[in-house]
Amino acid sequence: MIIGAKFITSLVKFDENLSSNFSEVAFLGRSNVGKSSLINSLCKQKNLAKSSATPGKTQLINFFEVTCKRNEEKFNINFIDLPGFGYAKVSKNLKEIWNQNLDEFLKLRTSIKLFIHLIDSRHTHLEIDVNLNDYLKRFLRPDQKILKVFTKCDKLNQSEKAKLKNEFKDSILVSNLNKFGLDSLEDIIINQTLGLDK
């Protein structure tokens, strides 16, 4: 279980000198899909990860050191809150710079063990999400895993949840509002970063 967390630093772009002694979990998704809210819910801190009211305004890679406990043993991992993607209100040139920075970061950051791809449960087949999943698969290493996490599931009825889970069998459905699915997600994060989820 997660028992504590603190903010470490923010980066504008990939810095190969910022090494990590811990396994890392990267949170990716469209703007306003709920990345920061999910990190706050998992870490049980309301304002740990800050979300911007203006999509695309904050384009930083944010690092958080997370303390976990398993069988009385404590260990640390890093959560990485990546910039959201898919905004309409920024220039093409700025998008290209962001994409280049993220591409370099995701491919070269070998300490990342789990990519959590957040998808709005009401919009499950958007082209931008399909493209992200295909992109991650192209450079995924044997010690890495992609996990689809469908957010805002409190807005679905039971039938819609069952249909979604049936279509995406290895996914997790969560709601930051009523804390649905967070315990299951926490278990996967801990097992994957410890190398137990084979």
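Heads up, the Cβ atoms here are built off N, Cα and C, so glycines get one too.
Because the structure is a prediction, the values reported are computed rather than measured.
Feature list (source: Swiss-Prot):
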DOMAIN    21-195  domain 'EngB-type G'
BINDING   29-36, 56-60, 81-84, 151-154, 174-176  GTP binding site
BINDING   Ser36, Thr58  Mg(2+) binding site
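Feature map: Swiss-Prot annotations on the structure.
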residue: Gly29; record: GTP binding site; DSSP class: strand
residue: Lys35; record: GTP binding site; DSSP class: helix
residue: Leu60; record: GTP binding site; DSSP class: coil
residue: Pro83; record: GTP binding site; DSSP class: coil
residue: Lys152; record: GTP binding site; DSSP class: coil
residue: Val174; record: GTP binding site; DSSP class: coil
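Distance between Cα atoms for Lys152 (GTP binding site) and Ser36 (Mg(2+) binding site): 13 Å, as a whole number. On a Cα basis, Ser36 (Mg(2+) binding site) lies 12 Å away from Leu60 (GTP binding site). The CA atom of Ser36 (Mg(2+) binding site) is located 10 Å away from the CA atom of Pro83 (GTP binding site). When averaged over the domain 'EngB-type G' (21-195), pLDDT in the model lands at 88. The number of other Cβ atoms within 10 Å of the Cβ belonging to Lys152 (GTP binding site), over all protein chains shown, comes to 20. Annotation for Val174 (GTP binding site): spatial neighbours Leu38, Val149, Phe150, Thr151, Cys153, Phe180, Gly181, Leu182, Leu185, criterion Cβ-Cβ under 8 Å with sequence separation of six or more.
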